[in-house]
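One structure is given below, encoded as structure tokens.
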Amino acid sequence: MSERRDVVLLGSTGSIGTQAIDVVSRNPDHFRVVALAAGGGNLELLAAQAAQLRVAVVATGDASKRAALEELLNRHAGAGHGIEVLAGPDAAAEVAARPADVVLNGITGAIGLAPTLAALGAGSTLALANKESLIIGGELVTGAAAPGQIVPVDSEHSALAQALRGGTPDEVKRLVVTASGGPFRGRTRADLEKVTPAQALRHPTWNMGPMVTTNSATLVNKGLEVIEAHLLFGIPFDRIDVVVHPQSIVHSMVEFTDGSTLAQCSPPDMRLPIALGMGWPHRVPEAIGGLDWTTASTWEFFPLDDEAFPGVRLARAAGERAGTFPAVYNAANEECVWAFHDGRIGFNQILDVVGDVLADHTQEGSLTIEAVLAADTWARERARERMAKLS
Ligand SMILES: NC(=O)C1=CN([C@@H]2O[C@H](COP(=O)(O)OP(=O)(O)OC[C@H]3O[C@@H](n4cnc5c(N)ncnc54)[C@H](OP(=O)(O)O)[C@@H]3O)[C@@H](O)[C@H]2O)C=CC1
Ligand SMILES: CC(=O)[C@@H](O)[C@H](O)COP(=O)(O)O
Ligand SMILES: [Mn+2]
């Protein structure tokens, strides 16, 4: 990499955000964080990050926390620090629109949509961890992006983007997305009846935020990632496969028309796809340590159990129907995941309810941002109604 890139970091206090700061801190010649945004759940950390990185602007999604953030900034950065403070539900999108080379969207959930569109509108490269915004926005997001403007950070899609450098688009036969299988791999639907939120949060290979970790346990994460792969790379759903690979070392593969398959392999450490996402197309030297080839190891691959884990099948159907269906899939799932963590529904009921809400959905009119947001709201309400009937 030649020139240093200015980075806007959204979701800075989360798993992706803190790892991105680690990458930036170890590579000051390559990256500089110029703005931060977080929700408000960890104001102390947000203020400490802003002071440490000496950003120009810091944002919290919670309007009621402006004064508290200003006070913490004075403590961490000293009075007269000059850091601009934004607060409120639109703050992350406002920050995303500020001049920068790269916006890394590490927010969780559908609320990442407005910042994603703001970053694209501003002409910045969008290093995208917040897969939900692409999935629910669909062609509204891809249509707002110039070629190459969205760079995937999600490990599988980073792997696919790297492997795709090994052939021309017409030489691609299929994409193979790997799944760890989550903490409940090998269990039957009956076994899953009684699993607890604490068990669902024990991911076998990755340390991530609670939503994506739970989605890994249900395989909804893989369903979302199939839609994400379709939107990013323009490959039809029937040419995107999922294979279970418990070691999370092969992050995904591209099979080419001549029978060759290229896989991207590395230890399960998000700092690699984060660094590549911010530096794309350049690699950041020593982003992580590589694989150890001196000791014996085994990489396994298994077919997906669609009966116990229907999340991928439902996502494929929603993705094929496109329009507002992916937004409904995602929103119903977000509601159900929090209900599962609150003890209001069981594990299997997450996808039972998501399936019911999708079956009830009909799209009216063409796809607009308003239609996506309305479908998101409708799906959350319908999921809550369904869950209330269960208990
Ligand atoms: N973690 C990982 O390894 C991976 C994550 N991803 C994806 O990356 C995204 C982030 O995941 P992860 O880091 O695990 O999630 P976390 O829950 O760890 O972090 C979420 C971040 O979003 C912030 N946030 C919440 N609301 C707002 C808001 N209104 N405005 C700005 N920021 C907000 C949170 O702030 P606060 O908590 O301070 O309120 C927090 O910083 C998800 O889409 C996930 O699917 C993809 C691949 C791997
Ligand atoms: C690290 C990452 O990209 C996650 O999205 C990961 O894919 C989760 O692992 P699963 O394969 O269990 O969903
Ligand atoms: Mn992933």
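From the backbone N, Cα and C atoms, a Cβ is placed for every residue, glycine too.
For the domain '1-deoxy-D-xylulose 5-phosphate reductoisomerase N-terminal' (7-138), the DSSP-based tally of helix, strand and coil residues reads 64 helix, 28 strand, 40 coil. The domain '1-deoxy-D-xylulose 5-phosphate reductoisomerase N-terminal' annotation in TrEMBL covers 7-138.
Residues or ranges marked as NADPH binding site in TrEMBL: T13, G14, S15, I16, G39, N42, N130, E132, G209. Listed in sequence order, A38, G39, G41, N42, L45, L46, Q49 are the same-chain residues at least 6 apart in sequence whose CB falls under 8 Å from the CB of T13 (NADPH binding site).
Following the DSSP three-state reduction, the secondary structure of H203 (1-deoxy-D-xylulose 5-phosphate binding site) is coil. The annotation 1-deoxy-D-xylulose 5-phosphate binding site is assigned in TrEMBL to K131, S155, E156, S180, H203, S216, N221, K222, E225.
Per TrEMBL, the feature domain '1-deoxy-D-xylulose 5-phosphate reductoisomerase C-terminal' maps to 150-233. In terms of DSSP helix, strand and coil, the domain '1-deoxy-D-xylulose 5-phosphate reductoisomerase C-terminal' (150-233) has 44 helix, 11 strand, 29 coil.
All protein chains shown were included, and the count of other CB atoms within 10 Å of the CB of E156 (1-deoxy-D-xylulose 5-phosphate binding site) stands at 28. The Mn(2+) binding site annotation in TrEMBL covers D154, E156, E225.
If you average pLDDT over the domain 'DXP reductoisomerase C-terminal' (266-381) in this model, you get 97. Residues or ranges marked as domain 'DXP reductoisomerase C-terminal' in TrEMBL: 266-381.
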What remains of the binding-site residues S15, K131, D154, E156 after requiring a CB under 6 angstroms from ligand 3 is D154, E156
Select the most exposed residue of S15, N130, N221, where exposure means the fewest other Cβ atoms within 10 Å, treating these as the binding-site residues.
S15
Among the binding-site residues T13, N130, D154, G209, N221, name every one whose Cβ is found under 6 angstroms from ligand 2, counting any of its atoms.
D154, N221
Write out the long-range same-chain contacts of E225 (1-deoxy-D-xylulose 5-phosphate binding site), meaning residues 6 or more apart in sequence whose Cβ is under 8 Å from its Cβ.
K131, D154, E156, H157, V177
Below 8 Å Cβ to Cβ and six or more residues apart, same chain only. Which residues does that give for G209 (NADPH binding site)?
G14, S15, I16, T108
